[in-house]
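These notes are about the structure you will find just below.
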Amino acid sequence: MKSKSIMAASTVMELALAQASADPLCSTIINLQPIEYQFQQPVLIDSYFPANTDIVLDDGHVVHVTNAPTSLSTVLTDVSTSSTTLTSSASNGNGNPPDGGYLTFTVPANPDDIGNHPVTKTYPPTEPGQPGIVVIQVPTSPPGADGIPTSSVPYVTVTTTGDFPSLTGPVTTTVTPGEPGATGSVIIEVPNTKITSPSASYVTVTTPGSVAPTDAPRTSTIPPSNPTDPGTVIVVVPSSQASSVSSIPFVTVTTTGSTLNPTDDPITSTISPSGSTGSGTVIVEVPPSSSPSGSGASSSPVSVVTRTVTGDDGNGEPSTTTITPTASSGPGTVIVEVPPPTNSPSATSPGSSRPGGPGSSGTGSSASQGPSDSAALSSSTGDAGPSSSVPETSSPSRATTDDAASSTSASAPASSSAASSITQSETPSSAGAETSTPATSPASSSAPSTSDADTSSPVNPTTSSPASSAATSAPGSSTESAPSSSTSSAAANFDPCPDSLYGNPQCCSVDVLGVADVECDSPTESPTDADNFQAICAASGQRARCCVLPVLGQALVCLTPVGVSN
């Protein structure tokens, strides 16, 4: 609603009345000096603005609306000035204005209020002898900067975007029409407000799968479920190369793909580790709209704990579940559910399904090759008569299937493998038996054969062969095998906490509730394997943990190492 008020000073009215009655002989109309009036027009703005814009008022003033999207509810006072001419009627000769004398005021008015025709309002005298007042409202629009009434000029608002940081705020340019009746333009240039996602973070998860040993690792990328969660890069490596899920570290490098469109999915490529102890590299090419701030590529800085579980949701593909941190400084959790690894074609020993010769204690068997697993083979005998089979033993060292197959595939009486002849001198035998043992743990023992049989017993760190569980040792047979060099090397290179974030091995005490880890100390000696790590900490009444190096003012955050059950 719009309204206007005329503010006329009372002294001006008194001056006009005095001049109208001062000279009784004067009968002409008195034209006074033009009087300037001030118009106050309230302008109500009550609306929601989804984007920054400008509001052009009738008098040419522009109201800038910023910080959009926003709701604005306010009343502005549009102040304008105008001048008019005051006229008075003649005197009747007796010192008083004649009856029906009037003072006439001609004032401008907004056509939106009165229309396109003048409007006359008459106010009769309040007392006898006093003149009345006639107000003539003439429809007149306030002129703009070039003299053209702004109310008759239509404007078209055009909003464009400019580059940041050269444009830090809205810039308004008003183009007035060159002639009456033309359309003006209001050009509003705003900075590019497209929201750029934060640095794309990706968590790398390494898992064994059905990949041939000669093939490169297979990678798949799972985009983040929401902008604040990290994405996941799953690296599937051959089963024969994965001693554990976390033993092959991969470093994720995020870079901007110059050939990608903003709507394209990230592209991942994998560079395998250069050595057995080196780190691999996963390169994630992301679209320009989601590239990290700054130049170049950066390693993923996100603090996330990754837990891998085995499961299958039916589609045979890995799936992730992200749990956001409960505190601003705490790590988040990404649970990766991977399908169980399938049997690799190279994990079955040739000839393992062949039955043994006369006197054999069992048939050959094959074992699936999981992380750090080798194929288990049953023992076969020669022609020297009955012999006893030797139970298989486990060792953390890795035995290749090809070597094991070469030492056990021959079941003929006169055949013997090169491996059995090499290790014949390492193990005593009461009957001249030739025994091939690629690697055994220090705590395991194998019985010497009481016959002339050629026996091969490759190791299997985590999975027992069905044939080995069914075999029985001969009465009174016992041997002791010396620790192999590969076992000692594996123990010396054992890393209880291979994770780059949780890489600090600690022995921690449990709190009164039996949940949190408190008062952590370094192990008194270097662990040789997961069981040894657990035993070292258990000797002091503590639990084996892999912790994040604490920062000043931050609580200790730990995880249970792989293979530790406490």
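Using N, Cα and C of the backbone, Cβ positions are placed for all residues, glycine too.
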According to Swiss-Prot, the disulfide involving C537 connects it to which residue among C26, C497, C507?
C507
Name the cysteine that pairs with C508 in a disulphide bond per Swiss-Prot, restricting the answer to C520, C546.
C520
Anything within 10 Å of C507 (disulfide bond)? Look among the disulfide-bonded residues C497, C520, C546, comparing CA atoms, and list what you find.
C520, C546
Once the chains shown are all counted, how many other Cβ atoms turn up within 10 Å of the Cβ of C508 (disulfide bond)?
19
Alpha-carbon distance [C537 (disulfide bond); C497 (disulfide bond)] in Å:
14
May I ask which residues of the same chain, at least 6 positions away in sequence, place their Cβ under 8 angstroms from the Cβ of C520 (disulfide bond)?
Q506, C507, C508, S509, Q542, R545, C547, L556, C558
Which one is it: of the disulfide-bonded residues C547, C558, which Cβ has the fewest other Cβ atoms within 10 Å in this structure?
C547
